[in-house]
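J.: Pasting the feature list from TrEMBL:
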- A:12-33: transmembrane segment (TRANSMEM)
- A:68-88: transmembrane segment (TRANSMEM)
- A:108-139: transmembrane segment (TRANSMEM)
- A:151-172: transmembrane segment (TRANSMEM)
- A:198-219: transmembrane segment (TRANSMEM)
- A:239-268: transmembrane segment (TRANSMEM)
- A:280-298: transmembrane segment (TRANSMEM)
- A:310-328: transmembrane segment (TRANSMEM)
Amino acid sequence: MKPVRRRSAFYILIPTAPVILILISLCLGRYPIPVGDVIASLLNPFFGTAIDARTMAIINYIRLPRAILAVMVGGSLAVSGTAFQGLFRNPLVSSGMLGVSNGSGFGAALAIIIFGSTPLVYPISFLFGSLAVLFSYFVGRIYKTATNITLVLGGVIVGSLFSAGVSFLKYIADPYDQLPAIVFWLMGSLASARYKDILLAGIPMAAGSIGLFAVRYRINVLAMGEKEARTMGVDLRLTRIFVVACATLATAGAVCVSGVIGWVGLIIPHMGRMITGSDNRHLVPFSFSLGGCFLLIVDDISRLISGSELPLGILTAFIGAPFFIYLLKITKGKGWES
Amino acid sequence: MGIMSSALIQARDIVFGYEGLPVLKNVSLTINHGEVFCLLGPNGSGKTTLLDCFLGLNKPESGSITVNGKNLADLHPTETAQLLAYIPQSHQKNFPFTVFDVVLMGRTSYTGFFDSPDANDRKIASDVLENMGLAHLSDRDYTRLSGGESQLVLIARALAQEAPILVMDEPSSHLDFRNEMHLLEMIINIISKGSRSVVLTTHSPYLAFFLENRGIPVRAGLLENGKLTETGCPSSVLNPENMARAFNVNTAMISHSSESGELKSLIPINAIKES
């Protein structure tokens, strides 16, 4: 166990790090804005601080919603990945495990082909993401002995089914208009973030993340194996359904508004585990914070690096891989047993 | 305490099978307050299946099990956990929790679905570690423990669960000679405090004899091909005749007079050739 002083310092960092990073992010961009002006813009709606309208519009209506969304999406993906890795006791499981990413991708592609790039893409993508998980769950229950292994298998099968569906939609899509929209959506971006999107997608993301936070001790007990967890009083079925439902809400909420951002839901939980250890009481809140900060930084880099914005799905891996290797080296891969 | 009220587990005519293959055939068994019950039988005779019925993991196809007067089938997992604590023979260790946190998990059934153990639970866990002489392991990484230490930690976890029945699946199978003795002393210690019963499966008849020699209330049961053929004190159940029938092994009962009385055990002579 860590000394108490270090642990409480750590707990202060969990909520403050994303806030500080959001403030820094608001300064950054094609038009750099000094911190003073950023704070004046943020306070303007409440206290009427003096600030020119253009600066305020950039900060309050463009950069702030995007930064908040980045934190929420990163946090939701990371927390879902953490919960799934704990539930399935498997390091290769990610937030998209039960087909939610492929399902959402399919829904988005379908919506783009039928309705074009309208806001309808969000709810349809969310719907198909959730449907995919429901499918996986029922495939996993076909065997009488419904265990976590069959659930994972169900996820793999349903995920690849929807992935094939996406390929089919790409194949029949109009190559000049729809196809680029689908491809770009699948690579992930927060560029279209507005407050409306945050509100809409924020509800399932917040609900799912809070649910996972609440149930995190049960996930600890599941690490002992299903049989032992059951004999210690864990209602396996209820816990499994609750964790899967929360992680699905959080991930589908994130994916429908940001596209498929790989890596965060797989690797951030591992990074968190290397830093805080495997106890979900600490790991779950820390993963949210770490995932949020990570995606925010990646999105800042994406905004700064070129006017056309590199897709996030590409950047997360480019930036995350070296960071992961570095962490592996300094922590010697603590957090998992072979 | 009357004879009827001393029954802690009452199993009547349990039938259980996997995919139509019958494993337990009309097993009836009573486990009493304050005793050790040693279940012996050849591989595949249904020992672990029977334990899993007691733990509520297997639902018998017919027959009934009552624990402390309550019908096991009606109990929620948290209620079952407060009556029966399970100690596995070994398990896969995925995450490096500290020994203290593993013992604390024994308190799960006393915490709400959305709660973590509180200060009272932590006190119970640290008291158990203290009483078992394991306090020095408290902050150690549980995945780095030896087989003997892990077994003790899992017992500590079961004690923190505060259930009147401890269920052990082959508790000594991974232990060296010294650790096996340590485990048996631990069981004797738990039983002599009077508030708990132990149900265990084992492949070593001498484990049952050891407990009998030490004057602990102990009974043995012989499970043969899904049927409980004998129950009683080890020296009467685990006799050469029964052992030859159940295991196809010729044995001899030996006895040694010591200051503490007559010590009995069973020594194997040879395996009976299958004809």
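One is the number of the first residue shown, and numbering goes on along the chain from there.
Cβ atoms here come from the backbone N, Cα and C positions, even for glycine.
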J.: Taking the transmembrane segment (A:310-328) as the first stretch and the transmembrane segment (A:12-33) as the second, find out whether 3 or more Cβ pairs fall under 8 Å, excluding pairs closer than 6 in sequence.
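T.: They are not in contact.
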J.: Under 8 Å, at least 3 Cβ pairs, sequence separation 6 or more: does that hold for the transmembrane segment (A:280-298) versus the transmembrane segment (A:151-172)?
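T.: When sequence-distant Cβ pairs are counted, the transmembrane segment (A:151-172) does not touch the transmembrane segment (A:280-298), since fewer than 3 lie under 8 Å.
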J.: Using a Cβ cut-off of under 8 Å, list the residues of the same chain at least 6 residues beyond the transmembrane segment (A:68-88) that approach it.
T.: 18, 21-22, 25, 94-95, 97-98, 148, 151-152, 190, 193, 197-198, 201-202, 205-206, 208-209, 212-213, 216, 219-220, 222-223, 240, 243-244, 246-248, 250-251, 253-254, 257-258, 261, 264-266, 268-269, 272, 280, 283-284, 287-296, 298-299
J.: Taking a Cβ cut-off under 8 Å, which residues six or more beyond the ends of the transmembrane segment (A:108-139) line up next to it in the same chain?
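T.: For the transmembrane segment (A:108-139), the list is 98-102, 150-151, 153-155, 157-159, 162, 165-166, 169-170, 172-174, 178, 181-182, 185-186, 196-197, 200-201, 204, 244, 248-249, 251-253, 255-257, 259.
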